[in-house]
């Protein structure tokens, strides 16, 4: 066995199980090839060969001759099994050393690391030579109890319900307070246009205009410098700033802590500055007991928050829909498998229920009618119909007889089957589908990456321009105030 090497070939152009069977059947006939195992979804073939007779490039060439694309994969570590275990009963560093050294001496174990503090063991192994149950047995023989690290099968990381709820709440709060603010604003605009219309037609003096203006209900001063309009706008703006903008503030602070500036920072800056500026101007007007009401921007934060939180809410609803499909896929996986030991003439000697992660390649698994197939495999004994609609979309049940291939996650219907496991754990078709969908969800479109990169420069640029503008006008105001009056004090021209 020392002369046998292993290589992985990336195969493209396979469409169904018959392509897999075709490649396996033809390559097994070739000299120097011991065994070949093809995974359809992963598009990968694992070949064990005799390097004295044949080399990986020639194997890829043989697959190409069958009409498929084939390239030899350099990183051979992809086929290594990875096992995460909880080990109980370790007391000191010598226990750790005992487990590590014994495992490293075991044939098929490539790497092993045991942490005393967390009671965890991380093991890499060659699935051809050894399996997870053998590794667990070695540790048990040393006198320790061990169990698998329980994987989260509920797919809770795909759940967007909480985000959907919080953005919906943020949107509703902003909307409730935004509608009256918009109402006030529209009322003021209409009244202003009517006044300027009256002024143009009836040749009123500025004093009469001021008198008319202040006679409006909203311009009535509750306190010197504090009009009804400004007071109502302030009252409506505070809850939006606190409840509507809560998540924006949290995310902006996180971004700033990591020295990045995203869109949340910009939203928070825009709303906070509008709110604080208006609030300070009001305080100043009240302190000076001003006769003319100051111009405030309390209408900006509610309107900004309404539109942005609506966008975030819709975005999470869309994400939730995609994730739901993935969560359903994950739930198709069987959790347990019945492993059997066969005697001569396929007589059942014993059977045991094990966790699906403990099934090893080459194990004989029994699947009863109504049961799910825990792993991909080949039927050795039994006849049955299998419902594969969840994976292949094939509506009619498929007949399975000795030699047929079965897919993990499909449902056995009427006969008991014995199958030999060919792909286990992360190599099964279902795991590969889940992995592909997850990758598609996490990978960003090129335009999205560009937008993210751009916003990294955009936010600091906008802030810098704003600060420069502010200081420019302050300096102009100190040097020559007439310029400011000329451009900003419109009431003078009325």
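Glycine is treated like the rest: Cβ placed from N, Cα and C.
Note: TrEMBL annotation is automatic and uncurated.
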Annotated stretch (transmembrane segment, per TrEMBL) among the listed ranges 130-152, 199-221, 222-244:
222-244
Contact set of the transmembrane segment (222-244) with the rest of its chain, CB cutoff 8 A exclusive, min separation 6+ beyond the ends, reads 169-171, 173-174, 177-178, 180-181, 184, 188, 271-272, 275, 278-279, 282, 285-291, 293-294, 296, 298-299, 301-302, 305-306, 309
For the domain 'HMA' (5-71), give the DSSP counts of helix residues, strand residues and coil residues.
22 helix, 24 strand, 21 coil
I'd like to know if the transmembrane segment (171-190) touches the transmembrane segment (457-479) in this structure, counting it as a touch only when three or more C-beta pairs sit under 8 Å and are separated by 6 or more positions.
no
When secondary structure is assigned with DSSP, how many helix, strand and coil residues does the domain 'HMA' (81-147) contain?
23 helix, 24 strand, 20 coil
Which sequence positions outside the transmembrane segment (265-286), separated from its termini by at least 6 residues, show Cβ-Cβ distances below 8 Å to it?
223-226, 230, 233-234, 237, 241, 245, 248-249, 252, 255-256, 293-298, 300-301, 304-305, 308, 458-459, 462-463
